[in-house]
Amino acid sequence: MSGEPTRRATLFGGLCLCCLPSLARSAEEVDGRFTLEEVAPQTFVRKGLHEDASAQNADAIANIGFIVGRDGVLVTETGGSLADGQWLRAEIAKRTDKPIRHVVLSHVHPDHCFGAAAFLEDKPNFIGHASLREALDARGAFYRERLEEILGKGRAGQVVYPTQAVKDGTEIDLGDRTLRFTAHGVAHTPCDLSMLDTASGLLFPADMLFVERVPSLDGSLNGWLKEIERLKGFGATRAVPGHGPVTVELAPALGDLSRYLTTLRDETRKAIAAGISIDKATETVARSERERWTLFDTYNGRNVTVAYKELEWE
Amino acid sequence: MRTIAAFAIGLALSAGPVLAAGAGDSDAEREARWGEIKQSVFKDRAVEKTDTLVSIDAPARALDAALVPITLTMPQKDRVKGVYLFIDDNPSPYAAHFEFGPAADPSEVKLRVRVNNYTNVHAVVETKDGKLHEAVKFVKASGGCSAPMGMSDEEAMRGMGEMRLKFGGDVKPGQPVEATLMVRHPNFSGMQMNQITRDYTPARYVQKLSVAYGDTPVFTLDGDISLATNPVINFALLPEGRGPIKVTASDNQGGRWEHSFDAPAVSN
Amino acid sequence: MALTRLRHPTLQVAAAGLAALLLAAATPADSPVNVPEPEGYWTGPPRGYTPPTLKGATVLDLAGLEALLPEKPVLLDVVLEERRPAGLPADRPWSPTHRSIPDAVWMPGAGGAPLPPEREKAFLSRVEALTGGDRSKPVVTFCRPECWGSWNAGKRLLQAGYRRVYWFPSGVEGWQDAHETAVAKPDPAWAASAGADR
């Protein structure tokens, strides 16, 4: 077993394995286990399963959902697979006849944007960070080809690129509410897009906010800490995290996340200054956080490696 | 070059049955491979085993096979002319060669390498009398040479040639100064598959790294595809030199970069 | 009930319901669990998450392989050969070495798909020779973790009528964690069938 993780880590190199979807789904499970909660008027979120996940599998699923506005529906996250996306689309159809006008691709990780193909027939506006296309090119072809193999060339379609690329910020008006988007600097990934709903005041930071499940670093540690400060300034009190409960109090959640990332940064800096080698650092850095996050043992070491490689250039 | 061709041919024809008889032969196979590597690089020069002139520290089991930290310790530094590093089972086993100059303190060097499969790692130190001495360590890691970069080639080459030189600890006269040299370079092994084109990114790696303190050489490093991305070399130098510290790096595709750094300030 | 089912790492598809089958078929293979078996051979990139099963074959873990060894199964290693990198200067030596399970027969690329017909023929006739023409002799295919080659090779054997096909997905890495490996050279008969291919 020990040979496999090593191989897998090097096989996928920089590709983040943190956010791989659990796809154990039968009709029964989909209908029974996954329910949408209305977290704010006309705002629906399907909670991820990580609290039930075993330590063995990477069963972390993103919180996906949609907002029904006067002029149409906006999908906040599409899910981890075509099945996920299709399930979501069916749930939308159950609740409204309004057309799906916008689909948010919050960042490149498969569990968030991989359900997008389910919405192609709606011909919506796919909105994503300006760097998302490049990130999908670097990592997405893998997925595209495999999708084609499984579904057949006719059914797979393309990996879905954004039709609207956000460089700094933009707004989308659904008639009775406005969604404010921010393209962030390199944080969790190099292509993180957050969204603020002016009607409910809910912030959707996507994977820039992990709750309960250990955060995974696939972009820049310093950048992520910087973007957290920015998120604090948006004036939201509640948020829908990328992983975790469907809504959380924003301040304490960001506090916990900051604490982990700051510990990671400070202890990694210390290790670098003390001349501790990168592999030894993965064993010692951020141990104090171990009991506070699920899947810590699986992903903290990798976070340390990424942090080390970044911080040693300071 | 004749000798290098001989190396290649030698290995192709080497013994090693198609169907190995059993586990006990494995050590013999590893010895045979090491023998061939030595023969190709050192020809008929004798290489003695040592446990005093050089020792290798490496993780017994590496977390990231594409970034395995290796420490070479050479306690009898005044006798050391240079040191070679081999990763026996890598397809290109001759990973690095340091040659030290008068401004160096060769007590210890650290570098990061790629390890392609569970293998013996050998260090061979050359002493000033021209003799060779070897030490060995077994490292468990797999897939280091073919691990994809996880980003586009363009992204991987961004900032190529940028360097940092950091000094550790107090700098006292007469005491060696620990230094860390960092060079941004993808060091494409040529064995990494580009996920988009499904072709292999051609090898582009740092072939030579030279560090001089003023006009006095500190060390030169001959590199190979077995060096990890963004090489980080830890070494020590004697602070009595004069002038800036000059670093030159060149790669196999004509890239060449030069940087000059201020020498560390000596405290009293 | 649904909870415990979700914990199970293999795909549990409800027996009833077209929807369930549809969902299972639609599941893309970018998760370490629940990769569905493709209809035919896998023709995508050789590396990636593989299914937990090979229909018609027995999947072995290390203990399973160790238990099978006394029966002297044919061990087929289909790890790809390392190609000399472009850009490596001509005078730089290139000497890949491959280590495998002792007594294995190494047929690099035999897990590729599609295979040119003469290579497919060469593969099958080689296995026929190794099994003495006995389709009930146990054969184990393997390469590396998360690599489709050995899965394809196993499927190839199943199509050819072999009745005791074993697939060892942990491959060389799974073996060498507990046992010594042996240097392997490409099987000459298989290599000869490459011709202009290489």
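Glycine residues also receive a Cβ, built from the backbone N, Cα and C atoms like all the rest.
Annotated signal peptide per TrEMBL: B:1-20, in sequence order. As annotated by TrEMBL, domain 'Ig-like SoxY' applies to B:39-145. The feature domain 'Sulphur oxidation protein SoxZ' is assigned by TrEMBL to B:171-261. The feature region 'Disordered' is assigned by TrEMBL to B:249-268.
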Mean pLDDT over the domain 'Ig-like SoxY' (B:39-145): what is the value?
95
Count the residues of the region 'Disordered' (B:249-268) that DSSP assigns to helix (H, G, I), to strand (E, B) and to coil, and report the three numbers in that order.
0 helix, 9 strand, 11 coil
According to DSSP, how is the domain 'Ig-like SoxY' (B:39-145) divided among helix, strand and coil residues?
7 helix, 53 strand, 47 coil
